[in-house]
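*Asks:* Quick paste of what TrEMBL says about this protein:
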{"type": "DOMAIN", "residues": "2-375", "note": "domain 'Amino acid transporter transmembrane'"}
{"type": "TRANSMEM", "residues": "20-43", "note": "transmembrane segment"}
{"type": "TRANSMEM", "residues": "76-95", "note": "transmembrane segment"}
{"type": "TRANSMEM", "residues": "115-132", "note": "transmembrane segment"}
{"type": "TRANSMEM", "residues": "144-166", "note": "transmembrane segment"}
{"type": "TRANSMEM", "residues": "178-198", "note": "transmembrane segment"}
{"type": "TRANSMEM", "residues": "210-232", "note": "transmembrane segment"}
{"type": "TRANSMEM", "residues": "252-273", "note": "transmembrane segment"}
{"type": "TRANSMEM", "residues": "294-312", "note": "transmembrane segment"}
{"type": "TRANSMEM", "residues": "318-339", "note": "transmembrane segment"}
{"type": "TRANSMEM", "residues": "359-379", "note": "transmembrane segment"}
Amino acid sequence: LQGIFVLGLPYALLHSGYSGLLLIVLAAALCCYTGKILIACLYEENEDGLLVRVRDTYEDIANACCKKPSPNLGGIVVNVTQVVELIMTCVLYLVVSANLLSHSFPYVAVTGKTWSVIAFVTLLPCIFIRTLKIVSKLSQLCSLVHFVIILVVITYCLTQMHQWSWAKFRLSLEFENFLVSVGVIIFSYTSQIFLPTLEGNMKNPGEFRCMLNWTHFFACILKTTFALTAFLTWGEKTKEVITDNLPSFLETLVNLCLLTKALLSYPLPFFAATEIVYSCISKDNHSSYRSPQLALAVRGSFLLLTLLMAMFTPHFALLMGLSGSVTGAAMTFLLPSLFHLKLKWKKLSFLEKCADISVFILGFLCSLAGIVCSIKGLLEVFG
């Protein structure tokens, strides 16, 4: 999903001006911090004072925080939130794929729904994905395509350096447009849903914090460079998806690369969502959980659900914004800071407590603002 949001960063700069550059850096720092405190919640000190991994998933952390009111309440809330966000992400990839197919082949007399079905057919092999190893290889290919897209756009922008001007940056801001920019910038870094599984599968989990620091640092550099060069090139003419600004001979090439990226990105949230469902089923009926037929049925149902939502959900972009403001902010800012305060309160310093509380408040405000803007948009659409 980060790749899709990255393509909107130049448009975010159009509405946020100089503050957008600061937001890109701040968002990287905040998301890196919440990733670290989320993983810290997986560990507890043993009798010898050594950290031991006593929890494996986001659900385990939530259940540990909600033991007194209900042992399973926290896990249920987290699982529902994760599945909703992951399903919406999968649907977004299908919608984007259909749109890219339509733009790449404008002379083919095919409706948007038909393009969705064509994209869906290419994703049918996802039913047979059983391990994270396969997903990781697909994600590597996705990252490679992503860098090709970024390289093409930046290279073209560098050829237009003669027309760059810092005067294109705005000093005055419109509040609602600024909030949209905040959402795009912040959610271009979100990955907290996958971090417990990622850390648990590392050969050396002790290097997780270092890995998180470097990945967010390089992501910040890359995103700042990309957004800045693209905005300086097109200025006020910057479009929501920056590839639409490219000349036609490059736009078709980049759109096909984006299509490949969207299709390669689909398996990760799809696999994560089905794994959550499997883990819930296994608690009630372990033998059924191991049934290959049930596994295929669940994966097939998820695929079909995402197709139907992509084809028939009206005003999906606004609904995606609404759900993203709720689930995205919750999983990225609200819950990690809340869980960290709950589980580590006695061991946290004053500054650490202030940091967690500040992140929680910031996440709440971002979520509230996003909800208000999305609902306002939906009300305007429905008249």
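Positions of Cβ are set from backbone N, Cα and C atoms, glycine also.
Since the structure is predicted, the reported quantities are computational estimates derived from the model, not experimental observations.
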*Asks:* Is it true that the transmembrane segment (294-312) and the transmembrane segment (359-379) have 3 or more Cβ pairs under 8 Å, skipping pairs fewer than 6 apart in sequence?
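*Replies:* Output no: the transmembrane segment (294-312) is apart from the transmembrane segment (359-379).
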*Asks:* Under a criterion of three or more Cβ pairs within a distance under 8 Å and sequence separation of at least 6, are the transmembrane segment (359-379) and the transmembrane segment (144-166) in contact?
*Replies:* no
*Asks:* What stretch in 20-43, 76-95, 144-166, 210-232, 252-273 has the biggest tally of Cβ pairs under 8 Å against the transmembrane segment (115-132)?
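*Replies:* Going through each listed stretch, the top one turns out to be 252-273.
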*Asks:* Which range wins on Cβ pairs under 8 Å with the transmembrane segment (210-232): 76-95, 144-166, 178-198?
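*Replies:* By Cβ pairs under 8 Å, 144-166 leads among 76-95, 144-166, 178-198.
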*Asks:* Test of understanding: applying the rule of at least three C-beta pairs under 8 Å (pairs 6 or more apart in sequence), is the transmembrane segment (178-198) touching the transmembrane segment (20-43)?
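*Replies:* In contact, yes.
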*Asks:* Give residue numbers and ranges for long-range contacts of the transmembrane segment (252-273): same chain, 6 or more residues beyond its ends, CB-CB under 8 A.
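*Replies:* The answer is 1, 3-4, 7, 82-83, 86-87, 89-90, 93-94, 96-97, 100-101, 103-104, 119, 122-123, 126, 129, 132, 134-135, 138-139, 141-142, 145-146, 148-149, 152-153, 193-194, 197, 243, 246, 299, 302-303, 306.
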